[in-house]
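Below: the structure, in structure tokens.
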Amino acid sequence: MDRMTEDALRLNLLKRSLDPADERDDVLAKRLKMEGHEAMERLKMLALLKRKDLANLEVPHELPTKQDGSGVKGYEEKLNGNLRPHGDNRTAGRPGKENINDEPVDMSARRSEPERGRLTPSPDIIVLSDNEASSPRSSSRMEERLKAANLEMFKGKGIEERQQLIKQLRDELRLEEARLVLLKKLRQSQLQKENVVQKTPVVQNAASIVQPSPAHVGQQGLSKLPSRPGAQGVEPQNLRTLQGHSVIRSATNTTLPHMLMSQRVIAPNPAQLQGQRGPPKPGLVRTTTPNMNPAINYQPQSSSSVPCQRTTSSAIYMNLASHIQPGTVNRVSSPLPSPSAMTDAANSQAAAKLALRKQLEKTLLEIPPPKPPAPLLHFLPSAANSEFIYMVGLEEVVQSVIDSQGKSCASLLRVEPFVCAQCRTDFTPHWKQEKNGKILCEQCMTSNQKKALKAEHTNRLKNAFVKALQQEQEIEQRLQQQAALSPTTAPAVSSVSKQETIMRHHTLRQAPQPQSSLQRGIPTSARSMLSNFAQAPQLSVPGGLLGMPGVNIAYLNTGIGGHKGPSLADRQREYLLDMIPPRSISQSISGQK
């Protein structure tokens, strides 16, 4: 087919532009079909010519007249692996009789590289059949079908109808994309829930295994210590080391109920106290008191490791309770003259405090943790997702600009932009309006909800601890009244008062330990809140309730204490510096994580 000249091509294009659309499409389809057939014929001719060229290389020069017939046949025989000469055509039509008149062929011998190169067909030869549909033709047919469908869709419609149809199709496409993304997100959330369900039992088992170990170690160490006044200097040191280990292990735990379950093992009951003291005798007034006090002192100190994972208000109140309990033991034991009365009072006091502690644990477990606010749906089709809103807004802006280009400038309604009443910002992906009419941005509204939930949980914890302190104060007053009614003797009072001074001295030495061990377990995020809670009015407990006349808690509240303390900033800085754990403990905590 000869090529057209430029004039003929231009004339043909003009004729096609004047023809109707249907005839133009038919002509285009016919032309594509003809071009496809021509391409197939050219490929077949090319393959045939290459076969003939290869046959010319194989045929001997003595037979120039038999090139056409024997060349093609020789090439086909080479492809089949036949090694006999091509000039002998006597046995060509009889299969299986190739080597009757010739010498036998060694099939095991290796063929040389030149022969192997001659036997392999050329990669340029492409064999096509008429039944196969090549990829260019199939792709062109698909394009023709799509083009025909698009032309039929817009046929006989105006510009406005076409724009409306395009907008409708665009909305359908957006809905399909949103549905696809939603299905993907649902699948991801299901996989995450399955992983969480599989991981939680492992963490709980690890917590139940690790946590009770310091309790048993502490009780065994206390039961083996000698019961003499000179051993008082050794026992607090052992208690400190045990307390440090318990705080470090509890800091790695994140489940609060297991810590409280292990705390029940640490708290001694009256039977354990009676078994440690042994049978009461009149001559053992001095020895029973120091043997009883370390056991009772160990109870509040070990309990200070419980609220390490709680909020700071619970930590401060538990620390105050740990200060109260050693003082109450000393003051009750001072006016008791006989060992039987002292044993009964100690048993009743330990039983009452154990019941009070169990009730406090039950109350704290019933208080639910602060629930986070309901999260917004973070997937693409959600209107609460900022990225989705950005894209929709950008699309609307572009569409409005395109629509307004061809129209006259009309008077548009002007709306004042919103401004956040709290942070004064004028841009947010989602505006919120409160009941009182204030308009807030999304970030301010979320922070306000979190603060309200956290404050509510803190108030619940404070009320629970204040109620527990009041009950403990009532128990202490009742025991004081019972002790005042019993007769007293001068020698017993003097001996017990001397023992009371010794115990107060050791209590003052041990008093900072629960606070320091508590500070090691408190996370960094809660330390800033701890200094704020230290100024709360609920902490203004009189010094007489603590049972420690020599201890001043002016670092907790400025109203407590006779002299004027340092400034607020200095006290907060000193308080924060005291809470920084040593390097060795921080390294051990990071190593256990």
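In case you wondered, yes, glycine gets a Cβ from its N, Cα and C as well.
The feature coiled coil, as given by Swiss-Prot for the ranges 245-278, 449-482, 483-516, sits at 449-482. If you compare LYS199, LYS358, LYS362 in Swiss-Prot, the SUMO2 cross-link annotation sits on LYS199. Just one residue in LYS97, LYS167, LYS432 has SUMO2 cross-link written against it in Swiss-Prot, and it is LYS97. Candidates LYS66, LYS224 were compared with Swiss-Prot; the annotation SUMO2 cross-link appears at LYS66. Between the C-alpha atoms of LYS353 (SUMO2 cross-link) and LYS454 (SUMO2 cross-link), the distance comes to 30 Å. Look at LYS353 (SUMO2 cross-link): DSSP puts it in a helix.
The CA atom of LYS454 (SUMO2 cross-link) is located 76 Å away from the CA atom of LYS33 (SUMO2 cross-link).
Reported as a whole number, the C-alpha separation between LYS467 (SUMO2 cross-link) and LYS33 (SUMO2 cross-link) equals 94 Å. Taking H, G and I as helix, E and B as strand and the rest as coil, DSSP gives the region 'CR2' (340-480) the counts 86 helix, 4 strand, 51 coil. In the structure shown, across all protein chains, LYS353 is the one of the recorded sites LYS33, LYS353, LYS454, LYS467 with the greatest number of other Cβ atoms within 10 Å.
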